[in-house]
Amino acid sequence: MDILQHLMDGLLIAMQPYHLVLITFGGILGTIVGMLPGLGPATGVAVLLPLTFSMSPTAALITMAGVYYGAMFGGSRSSILINTPGDGAALAATFDGYPMAMNGKAESALAISAIASFIGGLISVVFLIALATPVAKFALKFGPAEYFLLMVAALAMTSSMAKGNMIKGFISTLFGLAVATVGIDAQSGISRFTFNILELQTGIDFLVVIIGLYAIGEVFKAFSDINSGKKIPQRKFGKIWITKEEWKKSWPAILRSTPLGFIVGALPGAGGTMASLMAYNNEKQLSKNPDDFGKGEIVGLAAPEAANNAASVGAFIPMLTLGIPGSGTTAIMMGALLMLGIQPGPLLFTQHPDVAWGLIASMIIGNFVLAIVNIPMAGLLVRVLSIPSKVLYPMVLGLAFVGTYAISNSVIDFYIMVMFGIIGFFMEKAKIPSAPMILAVIVGGTMEQSFRQATRISDGALSVFWGSPLAIALIAITVIFVGFPGIKKGFALLKSNK
Amino acid sequence: MEKQKKGNFDFLTGAISVIFGIIYGIMAFGLKRSPMGDPMAPSIFPLIVSGGLVIFGVVLLLKSNLEATKIAFRKIKENTTANDILSRKMIIMTVVAAIVYALIFHILGYVISTFLFVGFIMSVLEPKRIVKNLITSAIFSIIVYYVFFYLLGISLPMTPILNI
C-alpha cells in the first residue's frame with residue numbers, strides 16, 4: 001500500500017527526537033497563547049509562525065501542528081476554568097465545561113476535554129488519510145475554468161455560512177478580492193493600485209492581513225474586557241482523570257460527533273464553531289436528560305470537543321488537496337507553506353509527498369504529545385491564566401510585529417497590519433464576517449489567473465464557464481449554497497402549511 | 001416592534017461598499033492598458049469586483065434603512081461606559097504607538113524600539129506599575145531578539161552603538 005508506506009515514512013520523521021522536542025515546545029507555546037481570553041488557534045499560529053521561518057519545511061510543519069493543537073487545548077482550558085472561550089470553536093465547551101468546574105469536577109472536565117479532542121482528532125486523521133488522495137486526484141481533472149468556479153463556490157459557501165447576513169458576506173468577499181489585486185499584475189507587468197508605493201508592488205501579503213485581523217484586531221477587541229475584573233482560575237487539582245461511568249456516558253457521543261465535525265470542517269467556511277455547536281445540539285436532542293445540559297453534563301463537553309478537533313482536521317482537506325483553506329488557521333498554515341516555497345493543491349501529494357504526509361503524521365504525533373502534556377501538566381499550564389493579560393497582550397502585539405517584519409523585512413507592513421487590525425475591529429462592530437474576506441485575499445490572485453487563463457483558452461468566450469459537466473456541477477453547488485437560506489425558508493413554509 | 005428599534009450599521013456598510021466599489025472601479029478602468037494580449041486584461045477582474053461591490057452595496061442599502069444606523073450610533077453614544085472610553089483610548093494609543101514604532105524601528109534598532117513600544121503599551125494598560133512594565137518589556141525585547149537572531153537566524157535591525 002502506497003499510502004501506508006508514505007504514512008510510515010512520515011511517522012518515522014515526526015518521531016525523531018528533534019521533532020518531538022519541537023512539537024512539545026510548539027504545543028506548550030500554543031497552549032499558552034490559546035489560553036489567553038479571546039485568542040484562539042488562529043492567533044496562536046499567526047503569532048508563533050515566524051518561529052518556523054528558518055526551519056526545514058518538515059520541521060516547520062511539525063512545530064505548527066504542535067502550536068495548533070496546543071492552542072486548541074489551551075482554548076478549552078480557559079473555556080472550562082474561567083468561562084472565557086479562546087475563539088468561537090471553544091464556545092460550546094463553556095456550556096457544560098464551566099458548570100462542571102463550578103461543581104467541583106474540574107478534573108473530569110479537563111480530562112474529558114483532552115480525551116475527546118484526542119479521539120476526535122485521531123479518528124479524523126484516518127478519514128483525512130482515506131480521503132486526501134482521491135480528492136487530490138479528482139481535482140487534477142480541473143481546468144482553469146473549473147478551478148475558477150471551484151473558488152467561486154468556496155467563496156459563496158463561506159459567505160453564506162458566515163454569521164450575519166449573506167449580502168455582508170459577499171461584500172466582505174469582494175473587498176478581500178480587491179485587496180488581492182494590489183501589486184504588479186504577473187501577466188502584463190502593470191502595477192495596479194500601488195499608489196506609487198514601491199513596497200506595494202509585490203502586493204499585500206495575506207499573512208500580514210491575517211496577522212492584522214487575528215492578532216491586532218483580536219487584541220483590540222480584548223481591550224474592552226481587560227478592565228473588567230479578572231476571573232481567578234482554580235489552580236489546585238486532584239488527579240486529572242475521568243471515572244469509568246463518565247467514560248461510559250461520553251464515548252458514544254465522541255464517536256457520533258467526530259464524523260459530524262469532520263464533514264462540517266471540510267466544508268469551506270463552516271469550521272469548528274459550527275461543528276461544535278451542531279454536535280452539542282445533536283447530543284442534547286439524543287439525550288434522555290436534555291435538561292442536564294448546561295448544568296455540567298459531561299456529554300455536553302465531550303461532544304463539542306471531539307467535533308471541534310475533528311473539524312480542524314477536516315479543514316485540512318480543502319487546503320491540502322485544492323489549495324483553498326477553509327478556516328483561519330488553515331489559511332495561516334497555507335501561508336506558511338507558501339513561504340516555504342510549497343504550493344498546496346492537487347499536485348502536493350505527488351510532488352511533495354514528504355510534506356503532505358509529514359504534516360499528516362505530525363498531526364497524529366501532535367495529538368499524542370499534547371494529550372500527554374495537557375493531562376498531567378494542566379495544573380502547571382493553567383498558571384498562565386493568572387498572569388495578568390495586561391502584560392500578555394502587549395507581548396502578543398510585540399510578537400505580531402516581529403512576525404510581520406520577518407515575513408517581508410519592511411516596516412510598511414506594520415502600517416498595513418495595523419490598518420487591517422482596525423478594519424477587523426470595525427467589521428466586528430458592524431457584524432460583517434471577516435472569514436470571507438480572509439479567504440478572498442488568499443485565493444484572489446489564483447482566482448483571477450484562472451479566470452484569465454480560461455478566457456484566453458476560449459478566446460474570450462464566457463461559455464467556457466459552463467462548458468463541461470464539472471463546471472455545471474460547480475455552478476449548481478454555488479447556486480444551492482447561495483439559495484440555501486431561501487430554500488430553508490421555503491421548506492419551513494411548506495411545513496407550516498401542512 | 002422590538003426589531004425595528006434595534007440599530008445596525010447595514011446602511012453605512014452598504015454606502016461604504018458602493019463608494020469603495022465606484023472609486024475602485026474608476027481606478028481599475030484607469031489602469032494602464034496591457035502591452036500584450038487583450039489590452040483590457042489587467043482591468044477586467046477588478047472591474048467585475050467593483051461591479052459586485054456596487055451591486056451588493058445597493059442591495060444592502062435597499063434592505064436596510066438610514067434610521068437603523070442612526071439608532072445604532074445614538075445607542076453607542078448613550079450606552080458608552082467609562083470602560084468603553086478607556087478601551088477606545090487604549091486602541092488609539094496602540095495605533096499611535098505602532099506608527100511611532102514603525103518610524104523608529106530602523107533608526108533605534110529592534111531591541112530599543114520594541115522595548116519602548118511594548119513598555120508603552122503595558123503602561124497604557126496598567127499605568128500603576130511602570131517600573132515593572134519597563135523591566136518586563138526590556139526582558140521581552142532582548143529575549144525575542146536573541147531567539148530570532150541567534151536561534152532562528154532572522155535578522156532584525158541592529159541597535160546602533162550597543163551593537164545588539
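Including glycine, each Cβ sits where the backbone N, Cα and C put it.
Database features, via TrEMBL:
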TRANSMEM  B:12-31  transmembrane segment
DOMAIN    B:14-157  domain 'DUF1468'
TRANSMEM  B:43-62  transmembrane segment
TRANSMEM  B:95-122  transmembrane segment
TRANSMEM  B:134-156  transmembrane segment
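Beyond the transmembrane segment (B:43-62), the same-chain residues lying 6 or more positions past its ends with a Cβ under 8 Å from any Cβ of the stretch are 10-11, 13-22, 24-25, 27-29, 31. Across the domain 'DUF1468' (B:14-157), the prediction's mean pLDDT works out to 89. Taking H, G and I as helix, E and B as strand and the rest as coil, DSSP gives the domain 'DUF1468' (B:14-157) the counts 122 helix, 0 strand, 22 coil.
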